[in-house]
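Notes follow once the structure below has been shown.
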């Protein structure tokens, strides 16, 4: 009996080893992910490599930039957008395997100041005196024309009646991490970023959080790029929805959907 169980365990171990080698043999996975996912995705890629032996290479930028690159045929296997709009765009261009689309994460929209700033916490509402808070400086934000964080920010500021006052005072960046960097370098007294960006940065502090009802929910849809739904990509896609990845995402301030 003991020999029988030993043989079963040995067979199971061999099966797992063969499965792991099969994934490794299929090569690396390329992920196009919103800039705000940089730290979390790097940690997840490292963990996946340890567990499965497969390299995950990520390209981080504004979701708009990534969606257009995928449309143009860039060699991405997975796309994670920081909003539904740019995933919709990729779907409309028939660049996405729509059966794999799923909302993976949520986030918050916050205002940050340099870590050493004397700026105190404040409440964001229709009476917020942004001109006084900026004190002659500019408000760092992802470009509201195409960057999801900037689009969320514009929507919130419009709803709160502050957009007309603030639009001439913006310092637009190519993506949300660019806006974060302006505040980290003390080139802007305040910036609008995601809560997860503030968690990932040692150079800023959160001084205010936008009311949830002031903007659409911050959501991160994930999907496999059309024609790339092989076993290795599917394994990482499933891993992103699993407990190991969830723990890392939560550590960086994301909410799990």
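Including glycine, each Cβ sits where the backbone N, Cα and C put it.
Swiss-Prot annotations:
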- 36, 63, 149, 176, 194: molybdate binding site (BINDING)
- 1-24: signal peptide (SIGNAL)
Query raised in the report: Relative to the Cβ of residue 149 (molybdate binding site), which residues of the same chain, six or more apart in sequence, are found under 8 Å away?
Result: 36, 82, 109, 141, 142, 175, 176, 179, 192, 193, 194
**Report entry** Cβ within 8 Å of the mean position of the Cβ atoms of 36, 63, 149, 176, 194: remaining residues of the chain near molybdate
**Finding:** 34, 35, 62, 82, 107, 142, 147, 148, 175, 177, 193, 197
Report summary line: Neighbouring CB atoms within 10 angstroms of the CB of residue 176 (molybdate binding site), all protein chains considered, total 32
Report task. Please work out the number of neighbouring Cβ atoms within 10 Å of the Cβ of residue 63 (molybdate binding site), leaving out its own Cβ. Result -> 34
Requested in this report: Could you say whether, by DSSP, residue 194 (molybdate binding site) belongs to a helix, a strand or a coil region?
Outcome: strand
**Report entry** Distance in Å spanning the most remote Cα pair of 36, 63, 149, 176, 194, given for molybdate
**Finding:** 14
